[in-house]
Amino acid sequence: IETHSVAQAGELYFKNLSKRNKQIMEKNGNNRKLRVCVATCNRADYSKLAPIMFGIKTEPEFFELDVVVLGSHLIDDYGNTYRMIEQDDFDINTRLHTIVRGEDEAAMVESVGLALVKLPDVLNRLKPDIMIVHGDRFDALALATSAALMNIRILHIEGGEVSGTIDDSIRHAITKLAHYHVCCTRSAEQHLISMCEDHDRILLAGCPSYDKLLSAKNKDYMSIIRMWLGDDVKSKDYIVALQHPVTTDIKHSIKMFELTLDALISFNKRTLVLFPNIDAGSKEMVRVMRKKGIEHHPNFRAVKHVPFDQFIQLVAHAGCMIGNSSCGVREVGAFGTPVINLGTRQIGRETGENVLHVRDADTQDKILQALHLQFGKQYPCSKIYGDGNAVPRILKFLKSIDLQEPLQKKFCFPPVKENISQDIDHILETLSALAVDLGGTNLRVAIVSMKGEIVKKYTQFNPKTYEERINLILQMCVEAAAEAVKLNCRILGVGISTGGRVNPREGIVLHSTKLIQEWNSVDLRTPLSDTLHLPVWVDNDGNCAALAERKFGQGKGLENFVTLITGTGIGGGIIHQHELIHGSSFCAAELGHLVVSLDGPDCSCGSHGCIEAYASGMALQREAKKLHDEDLLLVEGMSVPKDEAVGALHLIQAAKLGNAKAQSILRTAGTALGLGVVNILHTMNPSLVILSGVLASHYIHIVKDIIRQQALSSVQDVDVVVSDLVDPALLGAASMVLDYTTRRIY
């Protein structure tokens, strides 16, 4: 979705600019090249700046490039990374030694001061028209300060983002000094506008490093893996670790690094550990590495620097990346590689679903558990930060700069209402999800808050044809999204609960139940995301019920539990080690089709003797009709109007009024369900079984009796409870949105 926004915004922006470009070139002088100074401070910012530098170099008729190198590029302890700039065939106009050694807070301040002393001579000599500055490092702040005070235009790359440390303050300070802004995401663009920056000087281009990332994975990666990790290492069977100090809490970040190394040693996988950056606390982290013998440990390879092209291949084919580097939450998402983000250093950034946040990484066991959860998984590739076309957009943007425009930047302050006090509840939006429940009879859409409150619900009959159904879903969601604005609810995404087998990775209904017609091989994600411009998640209704219990119900905080839905059919969901189990072909937790009798009644799945054939609403309705046809259903105090179909509720009513045959049918149905639960206990050994749905309260006592009679003694203490959630399907659909858009937290 974000990629689509980037592309769309870029096209719209340059349609408006294209009319101006010729006039601007004539105004600046046809033979006048734009003199661009690119200043790079470290290996990380060079990976973002290099694609722009290559682009500038390919258009010598428009641009003149000057390269200034400073900061940790020129320090041996950090790999002398200026050499990779030379290897890329760039002429380095100036090398500035600006780092004051000491790696503490005072040394960082002194380094900024030293850079401010040295930069004026360089800028006076080069006289650039524009300086390109990247990111949020203290070196970059010195660059931006020098250029602004010397009346040199500044183009800031990656402004508007939020990470969660002192870097935010530095990044936003550079934003206020910069004249032009290139941002990577729609949220960053909105942040810049909120900071009163001129919208006409903001370009939503995407991250320049993605131009290289998205074309990199098909190269010969095994030779790179072997070079850095050894000949015996396989793809997806190693870890990349990159952890930096947090300058606002150095002691805690060093302790966290120590725990991380202990967890990696225990996890016993080959690991490539990169040295931390030059921030205060880095020396102490290196001492921790040496104290634990990481550089000589057979499972570890400790390195100061890996060239970016090779680093891309290493993270793309890793079993997991761990640490607190922005690379983990930004670039690695392009490959779907699992990431464990430790601590608060990147907690504010937008991430794909491949990132698991461990905010309080205060024990080795917690980090080790996260490794077990993430290692070896493959997530959908995320393009939140770019679509691979950032550099062409940035070059067009540079060409559109009018050097005759006044240098003094303008701030676009919003109008301020005077003397109006507002209640805080009206100022703060309620973070919410649109939840959709596709049932056999009804189609329901709801606005669900972060706390699980259903703010508003809409219900329509579920149409019989695909075309009518998809149009009604779109119509109801658009109406609900519009209503959400009036209700002060910020919709983060759409979650859909539907019957049948679902591929949640692609958002496709593979095969539906017989209750929902024309619903096979249906892509639900694309039409909804295209219409609403929101992320969309889709899953089976049984899985959604389990997710609802995990977030809002009796499964909250439990590591392992099973949910069984007793409704028109019988479904379920399994939570194991806090994760929902989908299975290799997305067919896990089809609990209604556990066979409990070899010669039982026919089931809708084509088999016979399934739980669903005994205990579902359809099965009870079938038995109720048989009794009614034989005049054996109704007892004194009961009646069924002629225009009303006989159903499961009539059977339950008859049983309550003493109908022995109805009681026998319900006892058989409860026994079948109980035997299924016994099989689940013996197979999964969960800590809790939750019965959900309209029939749950009628079965609970029989199920518990069967467990006492049939289950092994070791599982008889497992609790079986009735769900207290009113709308598990809607709440589960909402939880997919609320868990992932606000990032998973372990």
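Just so it is clear, glycine is given a Cβ too, placed from its N, Cα and C backbone atoms.
Unlike curated records, TrEMBL annotations are generated automatically.
The domain 'UDP-N-acetylglucosamine 2-epimerase' annotation in TrEMBL covers 61-399. The N-acyl-D-mannosamine binding site feature in TrEMBL is assigned to ARG501, THR513, ASP541, GLU590, HIS593, GLU612. The active site annotation in TrEMBL covers ASP541. Feature annotation from TrEMBL assigns Zn(2+) binding site to HIS593, CYS603, CYS605, CYS610.
Feature annotations (TrEMBL) mapped to structure.
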residue : record                            : Cβ neighbours (10 Å)
ARG501  : N-acyl-D-mannosamine binding site : 18
THR513  : N-acyl-D-mannosamine binding site : 19
ASP541  : N-acyl-D-mannosamine binding site : 26
GLU590  : N-acyl-D-mannosamine binding site : 17
HIS593  : N-acyl-D-mannosamine binding site : 20
CYS603  : Zn(2+) binding site               : 22
CYS605  : Zn(2+) binding site               : 15
CYS610  : Zn(2+) binding site               : 28
GLU612  : N-acyl-D-mannosamine binding site : 27
Extra residues within 8 Å (Cβ to Cβ centroid of HIS593, CYS603, CYS605, CYS610), Zn(2+):
GLY592, VAL595, SER604, GLY606, SER607, HIS608, ILE611, GLU612, ALA613
Tell me, roughly as an integer, the mean pLDDT over the domain 'UDP-N-acetylglucosamine 2-epimerase' (61-399).
91
In the same chain, outside ARG501, THR513, ASP541, GLU590, HIS593, GLU612, whose C-beta lies within 8 angstroms of the Cβ mean position for the N-acyl-D-mannosamine site?
GLY499, GLY500, ASN540, GLY542, GLY569, ILE570, GLY571, GLY592, CYS605
